[in-house]
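Listed in TrEMBL:
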REGION    36-57  region 'Disordered'
COMPBIAS  45-57  compositional bias 'Polar residues'
DOMAIN    358-474  domain '1,3-beta-glucan synthase component FKS1-like'
TRANSMEM  532-551  transmembrane segment
TRANSMEM  605-624  transmembrane segment
TRANSMEM  639-661  transmembrane segment
TRANSMEM  703-724  transmembrane segment
TRANSMEM  761-786  transmembrane segment
TRANSMEM  1538-1563  transmembrane segment
TRANSMEM  1598-1616  transmembrane segment
TRANSMEM  1687-1705  transmembrane segment
TRANSMEM  1787-1807  transmembrane segment
TRANSMEM  1819-1836  transmembrane segment
TRANSMEM  1848-1867  transmembrane segment
TRANSMEM  1879-1898  transmembrane segment
Amino acid sequence: MERPPRSNRISKRVLGNWERLVYARLRADEGRTSFNHEDYRRTTPETSGSSQAVPQSLSDQANIEAILQAADEVDDVQVARLLNQYAFDLVQKLDPTSEGRGVLQFKTGLQSIIKRKQAARAGQQMDRNEEIILVQDYYTRYRAEHGIDQMEEEFRLQQEGRLSGGEPDSMEKRARMMRKVYEISRILNDVVDYLLITAEPEAASRFQLTEEKRRLEEDAKKVKEYMTFNILPLERPGVSNAFSYFPEVTAATRAFFYTADLPIFPEEYERDERPLDLFHFLHYCFGFQRDNVANQREHLILLLASAQTRMGFLPDTESSKLDDATINNVHQRILENYIRWCRFVRREPMSKRAFTQQRRLFLTALYLLVWGEASNLRFMPECLCYIFHHMADELFDLLEQPYVERSKCVKPNADNIVEFSFLEQIITPVYQVVAAEAQSSGNGIAPHGAWRNYDDFNEFFWAPNCFELSWPWRLESGFFMKPQKPKSSWSFRRGPQKEEKPVVVPGRRKEHKVGKIHFVEHRTAFHLYHSFHRLWIFFLCMLQGLTIWAFCSKNKTLNLHVRTIKEIMSVVPTFVVMKLFKALLDALFMWGAYRSTRLRIVVRMLLRCVWYAGMSAAIIFLYVKTLQEDSSNTGSQKWFTIFYIVVASYAGTHLVLSVLFRIPWLRRQSDKCSNLSIIQFIKWVQQERYYVGRGLYERMRDYIRYLLFWIFLLACKFAFSFHFQIMPMVSLTRIVINIKDIRYRWHDDISSSNHNALTLVALWAAVVLIYFVDIQVWYTVISALLGGLEGARDKLGEIRTLAMLRKRFASFPEVFVRHMQPPRLGSQMSSQMSPADGGAQVGSKAIKEKVDAIKFAPIWNKVIMSLREEDLINNRERDLLIMPDNRISYTNKGPNLLIHWPLFLLANKVQIAVELAAGHKIGSQPELSDEIRRDEYMGFAVQEAFQGLEATLLSLLNHNGQRWVERVFECVDKDLRDGNFVSRFRLSKLRDVLEKTRELTEQLGHEETPDRRTKAKAALGLLFEVVWDDFIPTDLREEMVKVPVFQHPASLLSDLHWPNEFRQAAAGRLNDLLAVQKIKDAEGKTKTLDTESIPHNLEARRRLEFFTNSLFMHMPETPPTRKMHSFCVLTPYYEEDVMYSLDDLSKENEDGISILFYLQKIYPDEWQNFLERIQLIENTLRRTVDQKKSEKHEETVMDLRLWASYRGQTLARTVRGMMYYKTALILQGQQEGASNTDVEQGLPLSMVQTHGANCSAQAQAELKFVYVVTCQIYGEQKKRGKAQAADILYLMQQNSSLRVAYIDIVETTKDRKTATSYYSKLVKAGPSGKDEIIYSIKLPGKVILGEGKPENQNHAIIFTRGDAIQTIDMNQDHFLEEALKVRNLLEEFDCKHGLRRPTILGVREHVFTGSVSSLAWFMSMQESSFVTLGQRVLARPLKVRMHYGHPDVFDRVFHITRGGISKASRVINLSEDIFAGFNSTLRQGNITHHEYIQVGKGRDVGLNQIALFEAKVASGNGEQLLSRDVYRLGQLFDFFRMLSFFFTSVGFYVTTMMTVLTLYAFLYGKAYLALSGVDASLTSSSNVLESTALQATLNTQFLFQIGIFSAVPMIVNLILEEGILRAVISFCAMQLQLASVFFTFSLGTRTHYFGRTVLHGGAKYRSTGRGFVVRHIKFAENYRQYSRSHFTKALEIIILLIVYLAYGAEDRTAVTYILLTISSWFLALSWLFAPYIFNPSGFEWQKTVEDFDDWTGWLFYKGGVGVKIDYSWEAWWFDEQTHIRSTRGRFWEFMLSLRFFLFQYGVVYALNVTQHSTAFSVYLYSWLVLIGLVIIFKIFSFSESISANFQLTVRTFQALLFTAIIASLVVTVKKTPLTIGDVFSMALAFIPTGWGLLNIAIAFRPWLEKTIIWKSVREVARIYDACMGMLIFIPVAFLSWFPFVSTFQTRLVFNQAFSRGLEISLILAGNRPNKNM
């Protein structure tokens, strides 16, 4: 044989070494995995490690992991070897050349395992026959050991109804065991088949006929019956189906069964085990994926079942059928958007061909199947309508065939598979063009107008011409043309990419690529006018009119003469010109869409342009003629009359059309006449017609409400503006115009010759901007007041303290039953008391109150227990808060209806009552009763103690003793009724009676022991003596002595009957009532417990206060659980923290602070409660955690991790909170099942009888609720062994209703080519503890085409269920007591909230991070005021509430058929959540807000985190301004609703930016007046002195704007929910902690990022981290983040203030200057130093030194390519320029930079050296000086590398030059008018000029970068940043010298934590001393 080439031979030694290395790596991987996930060993089965390393390319083709796991589990080494060998051969068959990633290593490792197991045979050889026998015998033994035959027989009898199901746990355990055995049988059967292939033919045929092989095959087939399912085990007959007891589920399932009249299936059709149904037909005909069919089958069954329960319950029989109304309801809801679309595009909807219920179900199922497989196309709802329309047409044709046929769209793929036909033939072509457009966007860098986004594709289907795409798709159409790929990122800057050449098809017209159709998102600020032109026209016309009216006044007396009216009518030309401008913008902004848009849109724009151009010309001409006619004084009115007639006609027409189309009632009437041509034409001209946005009107009542709101607000605003802004400027303006002797200090050719025009601009600019800005202030104030009134009307804040809670506790059961119990449930329980039971002897009110308490108690107790489980209260507080047993007991006196209240209400009350009685005077029983009853709960305590003592004694004593007790208590009762108790009984002895009773009950409250029995008997004897001898009256004693049995006391106390468990609890309760509650303080001293402050934890208090307060609020009547809306919760997750690992908790930062240490100090009480709960002390806990071999190690570690994770913003916290929904539903279901037998209210009776109420309630909860977490990269995390994957698996194991959806990326290798496929998968925890795939649906390609979060939500939304869906972020939390109210909340969907039913229910939030720091408190207060008071007003009366990313509840069916719950186009939909609100409103939805339920929310707690969040939101709003949604809402809302929408969305950021622009206008105006000399000239005139006060007033308004007025909502919200006193204290505390500094700083953040986004773009998602921020932020990091957004602007303001101070009027006083500039100084200093004021350890000297070293290192770091911005100033500087990409952006950067040249122009003329010259040459000379300075800089910065050869010469020259410059400067100062002050003034002038030149150079970087000066530009920029940094650093360093400053700052930043007992100084100092100190 020829030897292989040497290069291809591998020696045995090398191969052996390779095997050892691979095996070692496998074991290392296994060890690392087990180390990372040691906490899950108790829940996750152990594996050998081989299955952990299965390569992805193999695991996706075969279930090799299951084979290897079986090999690990079998206890026979030889069987395990055969399993491993089978796995190896299977791998070899799948990838014989080991091309897949990791396959070679896996094979080698597997071979090593096989060799080891072969070695264990010790040389024994087995042939194939023996191996087969070995496997079969092993399975026979294995099957018998697990008792499978018995289990199968029990299951068969159970299915036949001959055997009860037993306990749910045992049934589940049996199912798990059977599944495990069947899985083993399937694998062993495959192994036997594999062995039979290589066996001898005779032996193989013999083995095939054996009983063992037959049993093995039968059992292998049964495994399908036990596979994983989602909710309903529809395809799993082996699983116990608890849902079969719900007739609505079984009826919905049967509704889909195949009937005989339908086409016949071909014989070759392979189907699953379930009966044929409609879904099988659709699957076969259209080629849907099998898992998609299974998913949507369950989806639709649950929708129908839910709808049926709301329509009415079905009888619990096998023949029950769904109501027709149920099917119609679901069918109509799902196809509603499709039907509306058909009407819009003038097509007959296919639903009209569905004449039977079966046909309707076909259509409904078809739509859901299309939607379920549409992937990214779900964002294009009308595209899905188009697809569905054609498929439904085909469906009806296929149903007419005798046999089932496939659709013409079904074609086998390259692998001859039709399973993916729908995906590949229908979805993929559209997806590919969408993906190509998304790729051409360059990740959002390309202009929005250069590529088509989701909305553009969807809007193509808004016109009838969309049907030109034909069916199947005509792929050569322009719609499917893809953009060319850009060559580089720079191509994005040149505009749209080139298109593919038009396709020419014979017989068809030449087609071009379809582009944008209705809207183009051009990046320009003119969108602000384009979208809201009515607002700007209105305000500008009002400003013009008010100003003219003010100037027409004489001596400040207003008049309305004819001449005045004529001049005011100049607003009409302004109006029509602005309308013309809007029409021109319409035409201009459609640039880029003209080729694709419809002709009617173009014609409309042209008509409007021509119309407004003509009207503008005519009205301007007539008005000019009117003015000329008026000035001629001829008395003629001809032109005025014509002008008046034209204006009146135009205005009248406008008014009529506005009334007709904006007033709701008239709009509805006009819609009824919409078929008339004239109405259609008017609508077409008046409003743009889109598929969305039609009918945006509300009912008349709501319209009047927000109309009155805005009329009042506008009246206040205009009155204030007119009297305090415009009128004071009139006289000043007149004076300035008439002044002729203004002496300009500089060269002026404009202002002096034009009535001082620039001076007027400087004076009026700030006034005009304030005019537009202060409307936001007025809105803030008035909406806050209105929101407070609405909140008070909603009964918010009625219970805001523990005292209020205690006072009203007695009324809680009644309101709880009224609002949170089904209405018939309580009445049935009350009626169960018959007169025979004593019910007729007591009042019905008492019965009702008792029943209410019985129903309230378990709910209240469950809430208290949840607080204990969350460690918010300790065991003692839990016992005090728990409501005791309130079951009705019966005595000979009748039923006992006394309500037993929690002990925290009654504790110590009996002692107080006894003291009152003992000290009371004889004969005053009424006064004593009144005094006791004054405290309601004291009366309850006395009654309960009295009755409890009687019951305890009666149960304890023998018959004679009972007679004695009955006689005594009978006497007491009689004397109490007669009023003789005080006079007859010796009350002074009550103390003794109480003490002896307490001693007795102390023993009786426990299990019996000899010692306790002895003590109890002694205590009873003492009690008898006290009562007999001292307490009872003498006559009663004498009377009782006469009775023989009472003459022997010993006989009365013999034969004690020790109480049973119930009586022991009653005795313990009595003892608690009688004893004084004690507690030990921190010093160990015992003191009386103050029950008035229970619970002590502030969060527990807040939750109980809100929950009890909400019981009194207005909420819908709750339905039974079975009749409630079903719902789902969806949480998107990417890569955040799931749970904190032990390493995370113990890892210390640079200060020695670990997360665990931090949490212990932040939550000290909760930490102690946690230790109490796990029954460990801190030292023991630490030892248990450290000792891994300890028995409790794993459990303790997990408890510790969970405790910490539940206090962070982790996924674990969110999951725990959301799973409270299921807990609440189970609890409520148990109540209904246990207390109710009415099928209309409770659970199915047959199920309760079979499975019990608990199991039934759990099944009901599964039907009504499911929780889906969409963990986008969970698959990758699993493959990489990430801790997040293990933590997510743990959460699934602990929560059975938790589902995880993720995107699985599968790589397959074929013909040496790797193909990537994407799957949407849903998993849950299986019986084995591992995650098991429920559904796997293939996707057309990469999922993330747009923004990540909405795409993540979209892929998982197909796995959600129910009528509603709640969107929850992973930094949210929930509470059990709030989850109980979800039934009420969901009922809001059926309540009247306006013209339309709600589609989004807004939910209140509580920010739970407010206690961490002062910043967190400020942020939480700001957020709370918005999510409560702000959204309250938005919802009513303004009707403009949107979805803001809060825990809103969506009408799920409404939104999944209309594009989903968010939008995902790249960048433009950065704020994805709010677009869901826009979309819902535009599609005639209704968004409400409800505050009786709240959800927890985490917010950012550090300044940098908050700034990043503010930046993201501001950038998102900048993108919203460009969006079509905002434009359409701005155009289609009526005027007043448009005002509401503007000022509560993008308008807030616009006015915020205008606030800063107003400050700039004010300061630049002042700088102009000061530098030009106008300020001095005006000040010298006594006539304008009054303007100083005016300007001070204007400037002070900024302070109000950014301080007090912005705080009004917070103040009102605090007053409403906390009371006036606490509100005042909180507000004052906020101001003392510099809250105004924080809010002012946030103002700068919003302004910067909003303005930058509108101007340049660059909006992006900014991760904030969501962690605990207590670390010190380095100076360089703060400088990088805030340099351009805050520091440069603050320094610019400071320079302006210095210029005004230096060059303003000389006779100005300091007070005047302070009044004029105080708010400007405040803003500038806030922007400069806020990052350091709120920086932990910001003024600690050692930190400051380290920061300086770090900053200088960063500043002068010389890095190369790829250096991160954290390490290099150059990298950061270049990164800061990336937003400047377009020519337009560069132009505006250039224009804005010109403002910096004003300083130089003004300062040089004020120099002494100029000798007051105003020649322009002076300015030119200053530039020569600047050029000289630049040359000098170049000389001194000469590169060392260039001068390396002659360094000595260069340095000598530089020294001589420096000496010459200094000498020249000294000589010049001495010999010329130049002064030292001039030198500093020139520096002041050149600094802004240099910065302006630097900005211009950056703007023109693409051209300058290629020149030699670019390096100098970079170095100058470095110097500027170094100087700016030093100006900021020096004050920080100076303050760091003083230790008290650091202490004060620490107290300031963490004051809230101090108020809760936090020792923050320990946190900042750390667990160890500073190593550098």
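From the backbone N, Cα and C atoms, a Cβ is placed for every residue, glycine too.
A TrEMBL annotation is a machine prediction, not a hand-curated record.
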Cβ-based contact of the transmembrane segment (703-724) with the transmembrane segment (532-551), 3 or more pairs under 8 Å: yes
Feature contact check the transmembrane segment (532-551) with the transmembrane segment (1819-1836), CB under 8 Å, 3 or more pairs: no
Stretch contact, the transmembrane segment (1687-1705) with the transmembrane segment (1787-1807), Cβ-Cβ under 8 Å, 3+ pairs: yes
Other parts of the chain folded back onto the transmembrane segment (1879-1898), taken as Cβ under 8 Å at six or more residues beyond its ends: 1688, 1692, 1695, 1698-1699, 1702, 1777, 1780, 1789-1790, 1792-1800, 1802-1804, 1806-1807, 1822, 1825-1826, 1829, 1865, 1869, 1904, 1909-1910, 1913, 1916-1917, 1920
Secondary structure composition of the domain '1,3-beta-glucan synthase component FKS1-like' (358-474) [DSSP: H/G/I, E/B, coil]: 77 helix, 1 strand, 39 coil
Model confidence over the domain '1,3-beta-glucan synthase component FKS1-like' (358-474) (mean pLDDT, whole number): 92
